[in-house]
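Noted in Swiss-Prot for the protein shown:
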type     : residues                    : note
BINDING  : Asp53, Ser54, Asp92, Lys122 : 3-methyl-2-oxobutanoate binding site
BINDING  : Asp53, Asp92, Glu124        : Mg(2+) binding site
ACT_SITE : Glu191                      : active site, proton acceptor
Amino acid sequence: MAGYISDDTRKVTTHRLIEMKQRGEKISMLTSYDYTMAQIVDGAGIDVILVGDSASNVMAGNVTTLPITLDQMIYHGKSVVRGVKRAMVVVDMPFGSYQGNEMEGLASAIRIMKESHADALKLEGGEEIIDTVKRILSAGIPVMGHLGLMPQSINKYGTYTVRAKDDAEAEKLIRDAHLLEEAGCFGLVLEKIPAALASRVASELTIPVIGIGAGGDVDGQVLVIQDMLGMNNGFRPRFLRRYADLYTVMTDAISHYVSDVKNCDFPNEKEQY
């Protein structure tokens, strides 16, 4: 199946993302956590690579995103940046690195930027973290917001169900979205909210709105790379489209290798020195 490969090799920046929204060009975004995957994703033409705290789940096997540390996020960020030439690299600030006072948040943000060489950071929350967002922005660090389902708040809500289905929560989300834009955020992720609400937010904001489980009437889409490649065999949420079945492909390849080793078929004469 033929895919889309951009012939534009210029580095993606916050300014270019806003230009893409203005001309109606959708923004593509995927997660990556290591050098090899980042090279592949960047070479395939992705616009934004998110070094997500979802590494806690898909790389470390944790049930939630909460355990991943600042040092671990910096490690993953460094690994991804080394493999990228064109895409913008955004790193998630992990739980506990910015929810305290704003100066602690700024110190965490500066560490990530200095040590990983990422292009921007992403934070979950609205009004409750707006002072921290402003403080980080005042240091010249680009910030992307994240509203709707916020995995770092799983213990508050107790479930990963769709958020902002009632009027009160929807209105708060809209207010928070405007607060984040007014503070200076260059973009916003909306996760697992009604499509009509996401469409309204995208139409009201001048900054790009990227959806995950938020319908198609937004400015772009983001998915976890392991999910869209079909590497997590039992994970099939409604919003996910699987573009490959790598779980089966990889299992078959490894099984074939095991068989060849057991049967002394590998290495053969041509595979020796």
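Cβ atoms are placed via backbone N, Cα and C, with glycine included.
What you are looking at is a predicted structure, and each value in this text was computed from that prediction instead of being measured.
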Would you list the other residues of this chain near Mg(2+) - those whose C-beta lies within 8 angstroms of the C-beta centroid of Asp53, Asp92, Glu124 - in sequence order?
Gly52, Ser54, Thr65, Met93, Pro94, Phe95, Lys122, Leu123, His146, Pro151, Gln152
Return only the integer: C-alpha distance in Å from Glu124 (Mg(2+) binding site) to Asp92 (3-methyl-2-oxobutanoate binding site).
9
Which has the fewest other Cβ atoms within 10 Å: Asp92, Glu191, the recorded positions listed?
Glu191
Would you count the other CB atoms within 10 A of the CB of Glu124 (Mg(2+) binding site), including those on all shown protein chains?
24
